[in-house]
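Student: Per Swiss-Prot, the feature ubiquitin cross-link maps to Lys29, Lys42, Lys123, Lys139, Lys151, Lys158; the stated evidence is a large-scale study or a structure entry. Residues annotated as domain 'PPIase cyclophilin-type' in Swiss-Prot, with sequence analysis given as evidence: 5-161. Residues or ranges marked as N-acetylserine by Swiss-Prot on the basis of experimental evidence: Ser2. The phosphothreonine annotation in Swiss-Prot covers Thr71. As annotated by Swiss-Prot, phosphoserine applies to Ser142, Ser145.
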Amino acid sequence: MSQVYFDVEADGQPIGRVVFKLYNDIVPKTAENFRALCTGEKGFGYAGSPFHRVIPDFMLQGGDFTAGNGTGGKSIYGGKFPDENFKKHHDRPGLLSMANAGPNTNGSQFFITTVPCPWLDGKHVVFGEVVDGYDIVKKVESLGSPSGATKARIVVAKSGEL
């Protein structure tokens, strides 16, 4: 299974690294999209993009590297791609799942759960999990608000594959 990372900053100050394990065996197309966006090997990706929506006791959302506000992003496959499967459930904190605008609208936006979110099962594709740096996820979570607005500009300063 691939491992990738984000080096996260808040208002330009480094706060730490989050490492993810991707479920290549269960959702290979979804995992490959995220891996390639972490490396930037296609000429675009997550480096420099914000966590634009952070809701405490729910999730951290990012991955819009085109508009930076939740309206953009794109996949390595060109635009959106279909939901691969819903074999994994949102049953614990630290899961990596695709954000979308309805069925079969996966691009580059993702979220990291901070609680179990069973109401998202069958609607969002879980494709990985945090294996190191969950304390950094919690730091980012503390900078969010019920509306999703963040108290600092939280950015993926650097990302890549381990």
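Just so you know, glycine gets a Cβ as well, placed from its N, Cα and C.
Just so it is clear, the model here is predicted, and its values are computed rather than measured.
Are these features on the surface or tucked inside, and what are their neighbours?
Tutor: The number of other Cβ atoms within 10 Å of the Cβ belonging to Lys29 (ubiquitin cross-link), over all protein chains shown, comes to 17.
The Cβ of Lys42 (ubiquitin cross-link) has 13 other Cβ atoms within 10 Å, all protein chains considered.
Classification of Lys123 (ubiquitin cross-link) by DSSP places it in coil, neither helical nor stranded.
Taking Cβ-Cβ distances under 8 Å and a sequence gap of 6 or more within the same chain, the neighbours of Lys139 (ubiquitin cross-link) are Ala10, Ile15, Gly16.
The C-beta environment of Lys151 (ubiquitin cross-link), restricted to residues of the same chain at least 6 apart in sequence and closer than 8 Å, consists of Leu143, Gly144, Ser145.
Cβ neighbour count for Lys158 (ubiquitin cross-link): 17 (other Cβ atoms within 10 Å of its Cβ, all protein chains included). A strand conformation is recorded for Lys158 (ubiquitin cross-link) in the three-state DSSP classification.
Around Ser2 (N-acetylserine), taking its Cβ as the centre, 17 other Cβ atoms fall within 10 Å, counting all chains.
All protein chains included, Thr71 (phosphothreonine) registers 11 other Cβ atoms within 10 Å of its own Cβ.
For Ser142 (phosphoserine), the same-chain residues that are 6 or more apart in sequence and have a Cβ closer than 8 Å to its Cβ are Pro56.
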Student: Within a 10 Å radius around the Cβ, which one of these recorded positions has the most neighbouring Cβ atoms: Lys123, Ser145?
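Tutor: The largest 10 Å Cβ neighbour count belongs to Lys123.
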Student: Look up Lys29 (ubiquitin cross-link) in the DSSP assignment and report helix, strand or coil.
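Tutor: In the DSSP reduction, Lys29 (ubiquitin cross-link) maps to helix.
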Student: Measuring Cα to Cα, how many angstrom lie between Lys123 (ubiquitin cross-link) and Thr71 (phosphothreonine)?
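Tutor: Cα-Cα, rounded: 19 Å.
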